RNA sequence: GUGGGUGUAGCUCAGUUGGCAGAGCGCCAGGUUGUGGUCCUGGAUGUCGUGGGUUCAAGUCCCAUCACUCACCCCA
């Protein structure tokens, strides 16, 4: 076979793929319980939506987008993140005119053209949640708590929450200018100098030791927040504390996207290779206007499904759950028995019992081998003799005990035994 | 975009100074024609990543290339 998954991508295959499903379920369950509705937007959008929404100055837009021209000459981009699309959909359908906040969540694939490494691929999967139309610290706190709840429900104990505030349109410009003054005086390479002019906050996030060493005396956002931002941030912190959500203040925490204001947070984990974030988000009060909408404050997060699976594995929580396994495995001898077994399995499944059978005309030995490997608790064996007796052999695969059960009682018997 | 490492069976890998392509696991079959796991026996599976070069002879040496992987940058 000459094909393989495209460069920088990978396949989720059983049994490991069960973990990806478990993460999606675990992260979405809390938000669903909190009244967030499911939205599904196209996997691609007008390129300009991301250019304006995510920000021209970001690496995502400047070099990591999968952009192409469609047959109608439109510039199309595979979504590199979920917030811009979600806000676009909310505005397009007028949710901002309905009850606020508009609370929505999503789950899907995202794309960034990057060199792959552990925890970072060209195709990745996120679960996200957004609350739009209301500026209320309780909403920021709710979202953060819901994500923390999701991680906890997976059994993860190594996820840490970092919290910061980036200020607002009133106080950020002054801070930005102060930071630029500081950064311009440093000894930096050309790329970083350019970043100082475009997006100085991101320089604080540089991991290189030679850069880090110079950032010691950098002005911090927290010292430049206006009264409104300070009060807002204090309220978020206090609500989180009351809710029992542990967090660490990190005045250096910035995010890669241009639209963030005020509350910014990141969930980090140490088991992700060189990556650190399993999820992150924040408030983005100016995003709607950036993409041509009315003023519409918002707050949200996205959790990396693949990275969360890595975190699970790093914590030894990747125990093989029921990976597509079944409870009952059918083995038939002869065509007539096989037809009967086929129908019996359908009945079992309708009764809520998971069931599989031997396919491909294997002999009894081979079929029993299949029963063993399926991980089933019981095998149901039907041969000519059983057929004549109107019964089937029900075998406990762990103990090896086997007994004939009348065909009419098979479903109820198995269901009973399995729910004990 | 930059740098390091690795490419041999489905998987994990061995392969000596260049000399017949290997092991374990898995898979299939039989031992047991109505019974799985353990055990025994047998079997199938290879573009040695790809292309070129050196050589009587290349998995092994040389060059190029591709892929994977880890890291930088950046981010979920």
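Don't overthink the numbers, they just go from 1 along the chain as shown.
Yeah, the Cβs are placed from backbone N, Cα and C, and that goes for glycine too.
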Candidates A:112, A:115, A:160, A:237, the one TrEMBL lists with A:81, A:82, A:83, A:126, A:130, A:255, A:259, A:260 as binding L-histidine: A:112
Cβ neighbour count within 10 Å of residue A:81 (L-histidine binding site): 20
Spatial neighbours of residue A:83 (L-histidine binding site) that are distant in sequence (at least 6 apart) but have CB under 8 A: A:53, A:128, A:130, A:257, A:259, A:284, A:287, A:298, A:300, A:302
Around the Cβ of residue A:126 (L-histidine binding site), the count of other Cβ atoms that are within 10 Å: 23
